[in-house]
Structures are given as structure tokens and as C-alpha cells.
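Engineer: Here it is: the structure, laid out below.
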Amino acid sequence: QISWTPPLVLGYLFYLLLGAMVFQLLEKQAETHFRDQFQLEKLKFLQNYTCLDRQALEQFVQVLMEAWEKGVNPEGNSTNPSNWDFSNSFFFAGTVVTTIGYGNLSPSTVAGQIFCVFYALFGVPLNLAFLNQLGKALNAHLLTLERWVQKPERAQVQLAIFLTTGTLLFLVFPPLVFSYVEGWSYGEGFYFTFITLSTIGFGDYVVGTNPNKHYIPVYRSLTAIWIVFGLAWLALVFNVGADLMERYLQLKWHKSDLSLAEGDTTKLEDEPEQPRIHIPS
């Protein structure tokens, strides 16, 4: 049962190393460009406003960074909607129990931080239990389709229809909505959708945070509900993928063991029988 574990560990480490090299290749040069461009913009700002010195500018940049870390968008003015109204708080509670944690908003008070710890302590297991039951319901639906259809070919068609419907509802159509409401491109909306439903949650794209847009009050609450059901569906897909991968690894390793065993048997059969030596007692 654990014979295929070493190849899996090596494959996992190789996958991480491959990802590190590709991300470094794709992102490092762009980061250097943005960093140089930002420094150039600061120099231009100091040249245009000679009453400021570099230290004052750095202090102001620090204030902007602290405001962003506290969930306050530096754009706009004080009339921006609150990050802690009921709709936004409901959305934040959903990101806590689902362990998405975008990172763009967090409790700033000691009482809020302590409550967040205990809220997550009980909420995360509750969320896992809920997603488990929801996943069982989806899985039961798949089994019903398989039992309803007698022929394996039709069962595969029904399974494909089920997966296609989930893909459309949770991965294809939502980016269209986010593109319309948030002003993102479809690629950005799809990126946000997958990063959210996979609970990676970088926080570079978050719905309902643009101060220049007017959102309906229940927008983020509806998004939180969509996230919960999308999590259950994508978790089922991930589980199926992991199960198929484990079966493939076990099958390959089992075939390898069988071929080795057959080779040893053939070798023994081909070898001439050695004379037996009788050793008296």
C-alpha cells in the first residue's frame, strides 16, 4: 500500500521545483520593472513638489501601506462604504471559515482578533462538516446517475454532463458577472474565481472593493454563498482527480512489480537445474 510513496514524494518535490522555476522566470523581471518604475515615479513627484523631501514622502507611503493593511482603500475619500457593514462582514465571515483568507481585510481590534480566533476554531470544522455533507449529496447524485443508466457508456455521458454543468456554473459564467460588475477582463475574473474556490486566496483580486463603483448591498453576501457551493463542487473534482492519480500510481507500480516478478520467474525457469548435493547428517 505504501510501495508507490517514494515516487509520489519525488514527483511532488519535482512539481514544486518546476513551479518555482517557472514563476521566477515569468515574474522576476516584471517585478524589477515595476520596482524601477515606482522609484522613478517617486523621483518625479519630488521634482514636481520641491517643498517635500524624501523622508516626508517615505512617511506618507508608509501611511498608505498601513491604511491598506487595515482594509482602508487609499483611493477616494471618507465617504467610501464601510468594510464592516453587514454584507461585507458576512463575506469576511465566509472567508474565515472557508480558510480562503484574502488578506486585504482583517480585524484591527484586540477583541475582534480574539473573537476571530475562536470563531475560526469552531467555524472551520463546521464548514468542513457542511462541505462534506454537500459533497456526499453531490456524490450520491453521481451514483444515482450511474445506477439509473445501465450502460457504462451512458453513465460516462451523464457524468460528463454533471461535471460540465458544474464547470459552467462555478468556473465559466461567474467570471462574466465579475467582469461586468468589477470591470475586470474575463481572464482576471476567471483567475479570481479559481483562486477563490481553491481556497488559495491571494487577495490581489477581491470583489466589492472598488470605491469608484456602487454595489448592491447583497452583492458580497451572494458571492459568499456562491463560494460555499463552489468549494463543495471543486473539492469533489479535486477528490476525484486525487483518487484517479492514486489509482494510476498504484496500477503502474503494481504492473512494475508484476513484470519484475515475471522476469525473476522466467530467469529461474531458464537456468539449468543445479545438481543436488547430499550432505549426510
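Quick reminder: no glycine exception, Cβ is built from N, Cα and C everywhere.
On a predicted model such as this, the values are computed, not experimentally measured, just so you know.
These came from TrEMBL, pasted as-is:
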| type | residues | note |
| --- | --- | --- |
| TRANSMEM | 6-26 | transmembrane segment |
| CARBOHYD | Asn77 | N-linked glycosylation site |
| DOMAIN | 79-138 | domain 'Potassium channel' |
| TRANSMEM | 86-105 | transmembrane segment |
| TRANSMEM | 111-131 | transmembrane segment |
| TRANSMEM | 157-177 | transmembrane segment |
| DOMAIN | 168-246 | domain 'Potassium channel' |
| TRANSMEM | 189-207 | transmembrane segment |
| TRANSMEM | 219-242 | transmembrane segment |
Engineer: Within the domain 'Potassium channel' (79-138), how many residues are helix, strand or coil going by DSSP?
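Structural biologist: Going by DSSP assignments, the domain 'Potassium channel' (79-138) contains 41 helix, 0 strand, 19 coil.
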Engineer: Using DSSP, break the domain 'Potassium channel' (168-246) down into helix, strand and coil residues and give each count.
Structural biologist: 55 helix, 0 strand, 24 coil
